Amino acid sequence: METVPQLQRKLGILDDQFTQLQELQDENNPDFVVEVVTLFFQDTERLLNELARTLDQQTIDFNRLDAHVHQLKGSSSSVGAQRVQTVCVLFRNYSEERNIEECLKCLQQLKQEFYFVKNKLETLFKLEKQILEAGGTIPVQ
Amino acid sequence: MESCNCIEPQWPADELLMKYQYISDFFIALAYFSIPLELIYFVKKSAVFPYRWVLVQFGAFIVLCGATHLINLWTFNMHSRTVAIVMTTAKVLTAAVSCATALMLVHITPDLLSVKTRELFLKNKAAQLDREMGLIRTQEETGRHVRMLTHEIRSTLDRHTILKTTLVELGRTLALEECALWMPTQTGLELQLSYTLHQQNPVGYTVPIQLPVISQVFTSNHAVKISPNCHVARLRPLAGKYMPGEVVAVRVPLLHLLNFQINDWPELSTKRYALMVLMLPSDSARQWHVHELELVEVVADQVAVALSHAAILEESMRARDLLVVQNIALDRARREAETAIHARNDFLAVMNHEMRTPMHAIVALSSLLQETELTLEQRLMVETILKSSNLLATLINDVLDLSRLEDGSLQLQLGTFNLHALFKEVLNLIKPIASVKKLRIALNLAPDLPEYAVGDEKRLMQTLLNIVGNAVKFTKEGNISITAFVAKSESLRDYRAPEFFPVPSDNHFYLRVQVKDTGSGIKPQDIPKLFTKFAQNQSIATRNFNGSGLGLAICKRFVNLMEGHIWIESEGLGKGSTAIFIVKLGIPESSNESKLSFMPKISGPQANFTGLKVLVMDDNGVSRSVTKGLLVHLGCDVMTVGSSEDCLRVLSHEHKVVFMDVGMPGIDGYEVAVLIHQKFTRRHERPLIVALTGNTDKVTKENCMRVGMDGVILKPVSLEKMRSVLLGLLEHRVFFEAV
């Protein structure tokens, strides 16, 4: 299991924004990160479904597509999911170009990236919870 | 006696004597009368005769004498008294004139004599001038010959032509029978007959150079007469029956380029001479005249000069040819090098893309593979694949970076950044690894270290991370300390870096960072190798060795780009090491746009913002909660809304700041701002409106300013940025982030 810095540096999954989130967590706000990230997961799943539906239509509403991707881009950048954000940027470009094939590919990639980061973060949170329950302290990042 | 007036002669008339007297007187008179006539005739003929009146006087004197003698003729016989009176008158007159003439002659004769002396003097002078004229003419002749000869000799730069022409012209001018030139051989011990006037192909006839006659000629710079029988002069079979013509020899100095030193003239001892032998025609009984000898000497000198010119020309032609050849070779080499560089760049560009694509696939798919169900063995294998591919990816990046660095095509991306934050970030990144190894890390920032600096943040961080990473890597236990301070000029110069000349200036400062660890240390002799690419230190046993050997080389390049210097000190194995680098960073200027420089350093908790009521408007739930989290952490009282209607509904004069996301499609953040302005007409009641946007273009910013927003900040917003934004807003009521 990689540490957050490794996730950041080596794999580029998370960027500095995540660190910022972690900094915001303190005694007054002990579960800040978990809350925000969970919100992110929910939001993204919803958006991904929306995207899949939009792309499934006979005539694709690219504006709507763009709006959704924009949303997703915003969320992912707020959380620091760098790879997701990057794919969103690509997605938007293809959407502007009206390139359906590439858009579908991007959607696939989005799913991949999202599930990847989701998996990693969920594991991270699980471990942290275990450590806390065992009475230890998580080293301050 | 009868009283006749006759005068009796004095003596009796002796017949014969009388006769003779009579005849003599007659002739005397005749002569006396004809002399003046002759004189007058000749004087009239001559152009110059200054003393005419002398002539008159003289004439009168002679005429009167003649008259006297004429009249004397009558006195031989009985003559009348009138005759006697006439006679007497004539005599008296004659006496008077002759006395006068005598007196006058006293004056005139010295004059006449001096005329004569002057005439003699002038004649002598004329003779002398004639002689001199002859001399001058001869000299002029000689000069003309020399000029003509020189012209002929110097009209060519070809060695052989020069020499041949010399001989030909000399032969012609002086009407020589034979003329020969002896050149010294390579060894310098012999003279070889090189050119002759009449023989077309001289046999390689040599004479040793040590002959006395030759030495005699060589030691004098004049033309020397030599015996016709000596070796050098015996060129032709004796044709005449009589004496062979006189022979003269003269030395011709041969000057080489080497002889010309800058500071002194060629030494006599190193001179080489050629010998020129000139023979007058035999049986001509001609002799060498002085002017001919002079001519020969002058010609010999001219020949020497012409020969040296020819030699110099040859040299320079040869040098030029050599240079042309070299030039062609260099040009070719340059073209080849350029082609090589182009090829390499193309290769790199292609490999950049081509290598990264499969790498990406490998990394992505391996990590996905990790998610699937795997046996332990398989998991281990996949993890190794992932680790190795990560290594490879890093290596590819490093190599490409390094080649761009070496190319000089890498340029620093300068910007203003928070120096303190950079150090903290590095610390945060390294802390996990360090704590795993149970190493203590300490960061000391000097109090006078500026908070903000201008430089390439990314690369500085990369360098710092690399150094600190190395420190952590090679330390098994103990602690690592990072110290950063502003280097003053005395400490800037280091004896280990003699070529590093830091020049402090007003808007730059030198940041000195020291990373000290208690690790395995480095042998002093290995230290120079550290910064060379790919040279790994084999003697260090590493457990987590995870590098390609390029890291330090890249750091060095970056540090050099930042006009700095980097080096490592270590006392030896096991004694730890210290990495030190100095880089030049700029001091950010204060501008109206970025209020960054006005920010005082905040280290403690954010006491200023406690209770500050703010409103956050963002339709993206995640962004909303993140922004809220930021502001809550800073102590604000945050309310969030998801739409513009809600925003306008909730907003009150209690809210000091409104943060609105203007990237929301469908909802015009700008319109909301306008509406807010309408709602709160009085300035002190109106909350400050700040736009949050991900767009970095100027248009967005201009639009925000146009609708009356008080601030624009770019997403993503870090904690520090939010803090500085709030400070700026509260202090200046405006905050526009530099785009």
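Note that Cβ sites are derived from N, Cα and C of the backbone, with glycine treated the same way.
As given in TrEMBL:
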BINDING   B:Cys65, B:His69  Cu cation binding site
CROSSLNK  B:Lys715  ubiquitin cross-link
DOMAIN    B:613-730  domain 'Response regulatory'
TRANSMEM  B:20-41  transmembrane segment
TRANSMEM  B:53-71  transmembrane segment
TRANSMEM  B:83-108  transmembrane segment
Cross-chain proximity of recorded positions to A (CB under 8 Å), evaluated over B:Cys65, B:His69, B:Lys715: B:Lys715
The domain 'Response regulatory' (B:613-730): DSSP-derived helix, strand, coil residue counts: 52 helix, 25 strand, 41 coil
For the domain 'Response regulatory' (B:613-730), the mean pLDDT of the predicted model: 80
Helix, strand or coil at B:His69 (Cu cation binding site) [DSSP, three-state]: helix
Tertiary neighbours of B:Cys65 (Cu cation binding site) (same chain, Cβ under 8 Å, six or more apart): B:Tyr32, B:Thr94, B:Ser98
Residues near B:His69 (Cu cation binding site) in space but at least six apart in sequence (CB under 8 A): B:Asp25, B:Phe26, B:Ile28, B:Ala29, B:Tyr32
